[in-house]
């Protein structure tokens, strides 16, 4: 890993620090975009657990509050810790060089302390639901901070797969807050969807940002093995999503049709990449599709329960 970044760090901190408010800096520190997107999956897990256990959301508003706040704090905490860990390589990447731990808006010690405090506070909130929700939160946090950020991210191309484990945990946190047995198969389908989805999503991003990852010394798959192998891996993982809706028949035929159409659309776009000459443009299209895919899919899971 290239650690000779002090000059670049100093230069970015002195000459190119963007004008931001304290609130904007705090949002960047906790990666609010990631927190918000994962909150949807937490809520979906919570909602579906209510639905399949015949429970009312109005009777569980307290648990909903503790679940959303607790999981949000856990995710914000691990994102803070990730910013702290990556402060030496973030200046080398265009999309991360303005993070407050790079620009000096927040000192490393603050990021570390603040991250640990809100992480622990998140566990306290989750404990007000069920111990299993805390365990799921801990597994997600440990995987992201230790197994991904500290271990595999800078050493192995499998970093994307390892990181996807932590990103697949949020719906299980939501489900466990209502049903700590996690015995319903749909709970684990949510986990599998999130796990598999993240791999083509982040590999597409890695293709788009391949030069930045190369400069930072991060062994993402397209950096180490090139675009052709990366495109094959993207296709393999995308195809793996195809059968999952059929294990979620409890959500009805409408959801199964929506999910299958989304999967087919992603697969078709994926195959198109083998005929397209502009790999970067294709990777952007795949990345954007993946974002819309996840939002539509998880919102659909909630909507179909009303009919």
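Keep in mind that glycine also has a Cβ here, set from the backbone N, Cα and C atoms.
In Swiss-Prot this protein carries:
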TRANSMEM  32-52  transmembrane segment
TRANSMEM  65-85  transmembrane segment
TRANSMEM  108-128  transmembrane segment
TRANSMEM  131-151  transmembrane segment
TRANSMEM  158-178  transmembrane segment
TRANSMEM  186-206  transmembrane segment
TRANSMEM  251-271  transmembrane segment
TRANSMEM  287-307  transmembrane segment
Given pairs 6 or more apart, does the transmembrane segment (158-178) have at least three Cβ pairs under 8 Å with the transmembrane segment (251-271)?
no
Is the count of Cβ pairs under 8 Å between the transmembrane segment (32-52) and the transmembrane segment (108-128), pairs 6 or more apart in sequence, 3 or more?
no
